[in-house]
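Some features that Swiss-Prot has for this protein:
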type     : residues                                                             : note
REGION   : 1-25                                                                 : region 'Disordered'
COMPBIAS : 7-21                                                                 : compositional bias 'Pro residues'
DOMAIN   : 32-286                                                               : domain 'Protein kinase'
BINDING  : LEU38, GLY39, LYS40, GLY41, GLY42, PHE43, GLY44, THR45, VAL46, LYS61 : ATP binding site
ACT_SITE : ASP163                                                               : active site, proton acceptor
Amino acid sequence: MLTKPLQGPPAPPGTPTPPPGGKDREAFEAEYRLGPLLGKGGFGTVFAGHRLTDRLQVAIKVIPRNRVLGWSPLSDSVTCPLEVALLWKVGAGGGHPGVIRLLDWFETQEGFMLVLERPLPAQDLFDYITEKGPLGEGPSRCFFGQVVAAIQHCHSRGVVHRDIKDENILIDLRRGCAKLIDFGSGALLHDEPYTDFDGTRVYSPPEWISRHQYHALPATVWSLGILLYDMVCGDIPFERDQEILEAELHFPAHVSPDCCALIRRCLAPKPSSRPSLEEILLDPWMQTPAEDVPLNPSKGGPAPLAWSLLP
């Protein structure tokens, strides 16, 4: 049976389609209100906010112009940051429930403001694991399957994320589902090797460490192996470059042989030995019957439901 998330939550009512060109600061202030700081990253700063017409809660990513690493044409007359173009591509036609959606974007004198959906309550997977420790194989399988399906969608739209890690997985605590966020390190998908990498080094594959080049698909699978290890073990397997090159894995006793085997497949030192995304979903460990994800968004809140997996 194929492990695959069911249809995700519907789009917020009245969600606008991003315009072909970014609007200016005055237009932003007429439509949205900027709220408190949520976090800072290498490519921008993220604030809470809301839409004035209906008070829809959103995340607003502010990117200084000098932090834009790549540009892309949206039309014959409009050029935008590559991150906007990538989000536009993965969000076209309703997007995917496992990928964060770009609702709007604006260009200011200082840079760009990206308005993104913001499920509430939510927590990134790094904080979730830090708080709870190893997730157990049931929740890990559920979240991991959703992330793999989200990446499949991105690749089908010609987009490679290039920074798959726990901090870039947002957990919707009410629904028990995972969303891929932050395409700041992303690129257009192609078959030729990539010779640049702006992602997180401890998630990077050995071929990048040794040769400073990699292919999109096996590098993505490597980072998925790191992510799954993090979920079931509570921490990443490698910290130093030499550890990445040696790829020597040690598992706690509670991790099942089937789970260990899938992680070892994903973290094969030779890129051609790693499975495809489709093969990951067909792996015996991924075929284990699904179970609900035990989340606790807040005291007194409704019991969240995990996405089921199709038989």
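Don't overthink the numbers, they just go from 1 along the chain as shown.
Every residue, even glycine, has its Cβ placed from backbone N, Cα and C.
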When pLDDT is averaged across the domain 'Protein kinase' (32-286), the result is 95
Using DSSP reduced to three states, classify LYS40 (ATP binding site) as helix, strand or coil. strand
Determine, for the ATP site, the additional residues of the same chain whose CB lies within 8 Å of the mean position of the CB atoms of LEU38, GLY39, LYS40, GLY41, GLY42, PHE43, GLY44, THR45, VAL46, LYS61; present them in sequence order. VAL62, ASP182
I'd like to confirm something. Which of the binding-site residues, LEU38, GLY42, VAL46, has a Cα closest to the Cα of ASP163 (active site, proton acceptor)? GLY42
By a three-class reduction of DSSP, ASP163 (active site, proton acceptor) is assigned coil
Given the binding-site residues LEU38, VAL46, which one is most crowded in terms of C-beta atoms within 10 angstroms? VAL46
